[in-house]
Structures are given as structure tokens and as C-alpha cells.
Amino acid sequence: MEDFIKGLAERVLEGEKLSKEDGLKILSIPDEYLDLLVQEASKVREAVFGDEVEFCSLINAKNGACSEDCSFCAQSSKYPTPINAYGLVPKKELVEGAQKAVSIKANRYCIVTSGKRATKEEVEQIADAVREITENLPVRVCVSIGTVDEEDLKLLKDSGVDRVNHNLETSERHFKNIVTTHSYKERLETIKTVQKVGLSTCTGGIFGIGETDEDIVDLASVYRELNVNSIPMNFLIPIPGTPLEGNKQLTPQRCLKIISLFKLFNPQAELRLCGGREINLREYHDTAMEIANCVMAGGYLTRAGRAPGKDEEMVRRLGRKLITGRDLFSKYKTAV
């Protein structure tokens, strides 16, 4: 086992694509070897991204009343969750959200709306706000607005959006157990359309939703095939009223194995610690940042996060460097 782990970073950095069997073996590594696994994943992060870290921040621009039945989500209208539903917030609030993002040193600001897809009018309103933001504030703008077509993506791109978030969440096999109101294929086609119009892709998963090791490896493999730019890692916080309210939290050790797997399978992708990171990683949060190079700061859609100052302290403590002012990560130190 030790020999297998010690060779992982070298294999990846030499251009080898780890196999499904490798992935399953990584997830089954005994906890006593976890430090060694983290070291290998960290070597890959450092070789590709160096010591740079990016904060991103979001605004919950339209909340609740969602027609979809994602089993983990508080915003679905199918479940009796205590949520304050509201329509798309006005332009002023979208711009103020970007100002707040800049104030906490976020380099990216994501406008997120509930629902299967945004209406044409909503897309136009978002594009109008994005123009003002990109003209006046040093922050990159992303959107997460559900299923979106090529026409709307081109409008958003022209307004200044440079990245779109659309998560596959889990494997194709497990997806139907989590969502029934739309298909995995539909989400996959949206991601491919985003790539077709030349926008950056941010697409990740949520873990702790009843998936198997095979589901996790399959998702990491799909993102490798798609060559996505950013992978947000979310960990379930069971929400009362949703079908997954009784799910057990993942252990920090399990989370670290998943994060390591995604880094080793997707060395060129930004790895972004997002929802549930504080509760699930607990005292291993700094350890996870040895592997990741991005953090969702300032809170999530329906849950508060930890104070942004704590994340900044963590970056300093680890000897890492924040990128701000619309900077991109420096040129990769190695080609993978």
C-alpha cells in the first residue's frame, strides 16, 4: 500500500491517467496512510498551481420555489423546508454583492439563481448587472443559473461573464436516485454548450448523498474527460425536510480521500472547497487546503459559512498567496 501511494504524484505528473481501479484503491486506503496520500495529492497541486489560492463568493440572487426535486436541496418546492422564497433581486443588490465579494478579497463572484433555468428576462437583467460590475470592480463574474442555451450564454459572455457553474453532482448511475425531474444527460449537455461558446467551466459534486466509491471515481473520471476548469467540492449538510435529512455526515478522513482522488484525477483543474467544508472537515480543514487551491468564502446559498477572516488567516498560516484583482493563476509550472 505504501509503495502504491508514494508513486501516485510521479505517475500523474508524468502524464499518466490513473485507472478506475487506482481510484477505488485510493478511496479504500486505510486511515493510517492518509497523511501520505495527502502529501502525494499536495505535490500535484504544488507542481501545477504553486502556492496560489483563490477566494470566490456568491450571491443567492433568486431563492427557493424550485420546480426540481434534488434530494439534498432546501430550495426545492417539493419539500417542506423552512426557506424564504424570493424572485431575482434587483440590479442594485447584484452590484452590491460584487462589492462585498471584493471586500473579502474574492477574485470571483458568482450570481446564483434557483430553478431549472432562468427566464430570458432574468438572463437579460443579470447581463445588465454584470456589465456594470465588470466595468467598475476588480472581480471576475460567474453565473449559476441552471440549464442554459447557447443564445443566453453568448449574451452573458458578451456582458462580461467568463465562467459558468453547472454541477453534475454525482455519477450518471446514482443521479436518478437523487434527482428525477431532469436528467444527467441534460446537465452534461449544458456543460458541453458552455464549452462550445468559449466560457470557462465550473462543475463539481456533492458527497455524502448515498454514493458508492464507484460513483465518486466515475464522477472524477467524467470531469477529466471533459477537461473542466474548476471543480467545486461540496459535502452534504443534511437539511430537515429533505429526503436526505437522515444521512450521516462524512468523516473528515473520508472527505480527504475524496479530495485527494479528485486532485490526482484532475491535476489541471482548480479544486474548490465549498459547501459543508467547515462541518465535515472540522479540524482537518487546513489539511484539505494542502490539496485544494480555491475556497468559497463568505457563506453559501442557504447556509452561513465561517468568517472570511478565518480563511485569510488559514492562507497565511499555510504560507500560501491570495490572487485578487481579476488575476488568473500563474502559468502552470509543469505540463500534465
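Even glycines carry a Cβ here, placed using N, Cα and C.
Positions annotated as [4Fe-4S] cluster binding site by Swiss-Prot, on the basis of sequence analysis: Cys66, Cys70, Cys73. Take the CB of Cys73 ([4Fe-4S] cluster binding site) and look out to 10 A: across all protein chains shown you find 25 other CB atoms.
Taking all protein chains in view, 27 other C-beta atoms sit within 10 angstroms of the C-beta of Cys202 ([2Fe-2S] cluster binding site). Residues or ranges marked as [2Fe-2S] cluster binding site in Swiss-Prot: Cys110, Cys142, Cys202, Arg272.
Residues annotated as domain 'Radical SAM core' in Swiss-Prot: 48-277.
Each residue contributes its Cα atom, and for Cys70 ([4Fe-4S] cluster binding site) and Cys202 ([2Fe-2S] cluster binding site) those atoms are 19 Å apart. Taking only the Cα positions, the spacing between Cys142 ([2Fe-2S] cluster binding site) and Cys66 ([4Fe-4S] cluster binding site) is 21 angstrom. Shown in sequence order, Cys56, Leu58, Arg108, Ser144, Arg163, Asn165, Ser230, Pro232, Met296 are the same-chain residues outside Cys110, Cys142, Cys202, Arg272 whose Cβ sits within 8 Å of the Cβ centre of the [2Fe-2S] cluster site. In sequence order, Cys73, Gln75, Ser76, Ser77, Ser114, Gly115, Lys116 make up the list of same-chain residues 6 or more apart from Cys66 ([4Fe-4S] cluster binding site) whose Cβ falls under 8 Å from its Cβ. Contacts of Arg272 ([2Fe-2S] cluster binding site) defined by a Cβ separation under 8 A and a same-chain sequence distance of 6+ are given as Cys56, Cys202, Gly204, Ser230, Ile231, Pro232, Met233, Ala292, Cys294, Val295, Met296, in order along the sequence.
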